[in-house]
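As given in TrEMBL:
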REGION    1-29  region 'Disordered'
DOMAIN    30-95  domain 'MBD'
DOMAIN    97-169  domain 'MBD'
DOMAIN    171-252  domain 'MBD'
Amino acid sequence: MSEKSVTEISDDEQGEESTMPNQKKDKEDIEALAQAPDWLPDGWVMEVYRQEDGIINRFYTSPVSDHTFTTEKEVLDYLFSGEDEDILKLREESVADNTLQKAHQWLPKGWVMEIRAGGEKMDKMYKFYVHSETGVRLVSKEDVLLYLCDAEISECDTKGQCDTSSEDNILAKVVLNPSELPDGWVKEEVFRKTKKRVRGDLNYTDPTTGYTFPSLKAALRYLKTQKIPKSAIIQETSVHDLYSFDKSADLPERLRKRLAAMAKHDQKLMTSSQPREISKIEQYHSANGCKFLLPI
């Protein structure tokens, strides 16, 4: 049997422990008030507050619309209005009309969109379709369908504009409708270079609210509680807008900055790994048998 949402109880700043003889009885009364009534639907949040003067206030909140009510009549009138059902229907329609999902309805499960930087000035981004099991990389919808029908692998040709021989220019890997989440969600792995390695940060975007969650655990918790954590954000450019292009597109400014930071990091590593040029003074002293405790 499913449970109603956690009931929150407040005693209006009940920070100090009561020394009244009937403290136990008061606690039992509060626990009794915390029991959700039978008429309240599963998933609704009930909050109970007792003011200093003893007046009890109750609030009932819909998990769908976030509308809050104070009486049983208000809740039942709202339920009979069918507003929650209308909202859920609109959300389902928004998933179906979603730009990224709609543009890739043809892409089967097990394929990942791979986004790479390219172009003569590294100011473009290119989209590839990679089969997770075989590693086959293709450049267009037509190539993927040809591979699925005839097992024919087309040449992954970008006319030399995008290198696919290494992972240095991978910006992101995108999975539509990941198996761990309901349809419409997008799993995005964004790549950044650190001092020691290339790091992939996972993001999960909800199609109805547009919020992006930093982990699968946070996304699943949101689906269970319908509470958006502080770690969730609305991205300036959503994944749906960012990756809905066909084969290539101009690199957005924020991705250019990330790519520039990665290139700067590579240059720094190369510079630090190169042998230091020996000065003429060092060559002279070395030839004359002198040793340096510290580099000049």
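Residue numbering: from 1, along the chain as shown.
Every residue gets a Cβ built from N, Cα and C, even glycine.
Taking H, G and I as helix, E and B as strand and the rest as coil, DSSP gives the domain 'MBD' (97-169) the counts 16 helix, 18 strand, 39 coil. In the domain 'MBD' (171-252), helix, strand and coil residues by DSSP number 14 helix, 30 strand, 38 coil. Taking DSSP states H, G and I as helix and E and B as strand, the domain 'MBD' (30-95) has 27 helix, 14 strand, 25 coil.
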